[in-house]
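Novice: Questions regarding the structure given below will be posed in turn.
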């Protein structure tokens, strides 16, 4: 069974894995920061919108001030990539936002800075490009969902801004309203650099031990190094090859090595007199041999065994032989025969022979058998206080440390005699030391170090100058005091005049002026013309609470900022490519010439022969239409690696790190802040500095006595190595230089920006500043200059690089195709004809006697009629007919016009000679009352009878039509003849009646008071055409489409036309069917006769006289089909057409007696009910079988009915049209 301790071990690797994932996640973060904007103040005195209207709607007629509520002001912000020519379109690629409603017409929020209501924060997660374009708009909230919000004023700004805690203030002082705002860019926590894309988070754990400096560079904690500061610095001197460490100051040896610094190898075990270069070697010392170096190869030299000046010779390992001098013998010459003869005593020693050899009496300072050993007078050490003893012959010498003196260093030395104190009041000798009494401001043993009195003294970003025993704070503007701790109150002197409120700010004040005053001190009456809001040279007139711009003739708008479109309201004439003529009352000629603006806003047009032109461009622009901004960066005027950004007839250099100036020609003095401590001398480098340290100080800034490396020595993750007299930085990839401060490979090489875009280096990333006409991260998206569509009158817009061209449709001209070309300008019409200009053409209205497209053709002979001369081709109306003169012959349409309507009370003159005004019969009054209505008739004029009979169809030379009218849409006093006269005057009869004689007669219906039966007949019918059918079809079409302006047609509710039945195509069945039908008919007659006889016998007194039948104009009742028009449902212009074929059937009614009142009344009642209750108007064409006619047989009326209910209707052949 596992112990709990054993089970818990997997948690440690898991925690390490999680920590590693967190570290990797932190590395993925590319950039993080935020763009902040704060609204400071708003001044919209009149409460107006950008279009000049009031926020509340109405104005006071007296002073023209807005009288209703103030504006509900809020702001919108759009942040996008840098644009040299700011355009409002396109996405807000860097972000957008808005505030809530924060005030009315005028407000000031400077005293409440930090309020989130007037602040807009746009976070970003990309490398901040430094260059930007900002659009700020003030809006009036409508506070409802119906009316849209309205814009008050807008401002745009393009520039550069680096991340900083400081605010940058911007103002909008033109237009309707003035407002002030401030912006800044700040990096999120742990993000640094100009692009907020340098990530550095302090840590002290397994993955690193470092802090972060103000530039985001990792500064390793003491004892650590490496890009991630996770490599411990070993004990100084530790062999980098054979030693390592996991903790600072440690030195752990590899296997086979030993020593304090792991620089000594371990020899072979048992090696006696040998060394090693690699572990486990035994390299013998001189005169030693053997596998373990334990064999003495120089026994004579090592042991000196031969005595009495005997000569020793090595004969083998550990072997020797002594050659004795005269008087001595023995293996080691130890036996003396005449020992003193050889003078064995050295160093002035005296020899005495003895029985065993000799004996030496040594002189002072020497000892040993032969007086060859110097007596060590330094043993024991006679020197005190750490003095070093040097042995002499019969004596010694003490070398004393500086603090001591005397023969045996027993006396204290006076160090003050050497005057070691530099900036001291006095020097005091101490035992084994001294003490310097330093002057104020100095420290150190010798009082040679100036005390840094500046640490933590100056406030509010003031700079401190260190003095001797003191400091001086150099305060930034707006602060005072010894420590710059006091904000100077600029309002103490009450500088604001005229009741203005003074608001104290840092190094300045602002006067909040009351209404009616302006200026820095509220000393001026508000002059709305200063600064001049009027553009394009317009003159500004100051008013009590507003201003007025008197615009030049070519501009319009509140501020004269919009180019006036003269051709919008006044006809224009194209003179040439540069000039357009327009009517004007300001010139004696009545014509003013204006520019066509073909060269755009940056050029002037010059006309040339042949309709050509050239553009004289303003400075900074070129191209056919002056649409191209000249690249002022060509030739690269920026030096020392600076990046050039092109402007309009100008350029701007963005300098590399370490350089400044208009052309980046000046090296920034990195020594200006005096970074070298303790008297070190600073030498300026490019984007770096070097400190020449003194008095034993070391490091990048002379801050340490122990190491050349400090936390800021190597930049950009470089690793610092202490090399005693100097330091060396090991730079990571992409950086070089003594302190890793120079980028090796620029992210702009090769240039990633397309289409002439400028690449700006931003750390290890880049930003593209695109030329006009291009946009996108790398300037690959062509700006759509055709959006919104600038070409009028169906002109085609051709998009170019920062330009567009309108290709006009035929008949139009001008840069935006707004001008209709006057084709009548060349006077193309002949003989004084009138020319009417049209789009891409013209029309000539010819004078009498001329014809043709240009009236150059002379017409034929004139006509003389009714005593008047009529020119050839002329037309005139003659009652209901139209006449025309055709080469001397008068040709008129042939429509019978009927009796002329007249008014009884007007007396003579209304009727032609021989006719009189006869009152209209009561049954002829269609829309009552018809008081005073009459018709012109003569006693000799007989009524015209048409050739229509009850079995006539409009395929013949006759048509029977029944019109049902909506009398509510008709004027009172209309007679049947009035309606018939309007039908005869329809334009559709003009062309048809020129070839045929047309007769139209009308009778009121006896079955319904809102119906009129119309009979149309024609004479002179030819085989190649049927005018009656054509007229009938045109009338049906006119009613169904509600065509024309006739009030009569508009009042028609239903039309019924009698159709011809289809002929049987099976010819051989005709005789058979005729026989069958004849027999059947006879049977029916017999049956009917029998039934009538029986009925009369049952009811002999039930018969009465029947009402006269409605036979149209011939007293014959037609068999009709329904024509209905759905105008009440679908309107008067268009009517949908539907096919309801096979959905209706005929309901037959058989009548056996012509005089039966019940059946006749029932028939009339059914018609009235049917016509009165059908609200939907339909047009029905029906073809049906016609029963055989008898003199007493009346045609059947048919109702629409579902054909699925009557099987008998399946044999009928019909056609229906619903219009």
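The backbone N, Cα and C atoms fix where each Cβ goes, and this holds for glycine too.
Because the structure is a prediction, the values reported are computed rather than measured.
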Novice: Could you check which of 199-207, 208-216, 217-225, 226-234 is flagged in Swiss-Prot as region 'Important for interaction with NOTCH1'?
Specialist: 199-207
Novice: According to Swiss-Prot, which listed range is transmembrane segment: 1016-1041, 1042-1067, 1068-1093?
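Specialist: Swiss-Prot lists transmembrane segment for residues 1068-1093.
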Novice: In Swiss-Prot, which of these is labelled N-linked glycosylation site: 559, 1111?
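Specialist: 559, according to Swiss-Prot.
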Novice: Look through 143, 1196 and state which residue has the annotation N-linked glycosylation site in Swiss-Prot.
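Specialist: Record lookup in Swiss-Prot returns N-linked glycosylation site for 143.
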Novice: With Swiss-Prot open, pick whichever of 585, 960 is annotated N-linked glycosylation site.
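Specialist: Going through 585, 960 one by one, Swiss-Prot flags 960 as N-linked glycosylation site.
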Novice: Ranges 1144-1181, 1182-1219: which does Swiss-Prot label region 'Disordered'?
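Specialist: Based on what Swiss-Prot states, region 'Disordered' spans 1182-1219.
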Novice: When the Cα-Cα distance from residue 559 (N-linked glycosylation site) is computed for each of the glycosylation sites 143, 217, 382, 960, which gives the smallest value?
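Specialist: For residue 559 (N-linked glycosylation site), the closest Cα among 143, 217, 382, 960 is found at 143.
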Novice: Is the domain 'EGF-like 8' (487-523) packed against any residues at least 6 beyond its ends, judged by a Cβ distance under 8 Å, and which are they?
Specialist: 45, 108, 110-111, 460, 476-480
Novice: Could you say whether, by DSSP, residue 960 (N-linked glycosylation site) belongs to a helix, a strand or a coil region?
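Specialist: Residue 960 (N-linked glycosylation site) sits in a strand per DSSP.
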Novice: Going by C-alpha positions, which of the glycosylation sites (217, 382, 960) is nearest residue 143 (N-linked glycosylation site)?
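Specialist: Result for residue 143 (N-linked glycosylation site): the nearest of the glycosylation sites is 217.
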Novice: I'd like the Cβ neighbour count for residue 382 (N-linked glycosylation site), meaning other Cβ atoms within 10 Å of its Cβ, all protein chains included.
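Specialist: Around the Cβ of residue 382 (N-linked glycosylation site), 15 other Cβ atoms lie within 10 Å.
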Novice: Tell me the residue counts in helix, strand and coil for the domain 'EGF-like 8' (487-523), as DSSP assigns them.
Specialist: 0 helix, 13 strand, 24 coil
Novice: Over the span of the domain 'DSL' (185-229), how high is the average pLDDT in this prediction?
Specialist: 89
Novice: Can you count the other CB atoms that lie within 10 A of the CB of residue 559 (N-linked glycosylation site)?
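Specialist: Residue 559 (N-linked glycosylation site) is surrounded by 22 other Cβ atoms within 10 Å.
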Novice: What is the one among the glycosylation sites 143, 217, 960 whose Cβ has the most other Cβ atoms less than or equal to 10 Å away?
Specialist: 960
Novice: Measure from the CA atom of residue 382 (N-linked glycosylation site) to the CA atom of residue 217 (N-linked glycosylation site) and give the result in Å, rounded to a whole number.
Specialist: 59
Novice: Determine, to the nearest whole angstrom, how far the Cα atom of residue 960 (N-linked glycosylation site) is from the Cα atom of residue 382 (N-linked glycosylation site).
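Specialist: The Cα atom of residue 960 (N-linked glycosylation site) is 164 Å away from the Cα atom of residue 382 (N-linked glycosylation site).
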Novice: In DSSP terms, helix, strand or coil for residue 559 (N-linked glycosylation site)?
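Specialist: Where residue 559 (N-linked glycosylation site) sits, the three-state DSSP reduction gives coil.
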Novice: Could you find out if DSSP has residue 143 (N-linked glycosylation site) as helix, strand or coil?
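Specialist: Reduced to three states, the DSSP call for residue 143 (N-linked glycosylation site) is coil.
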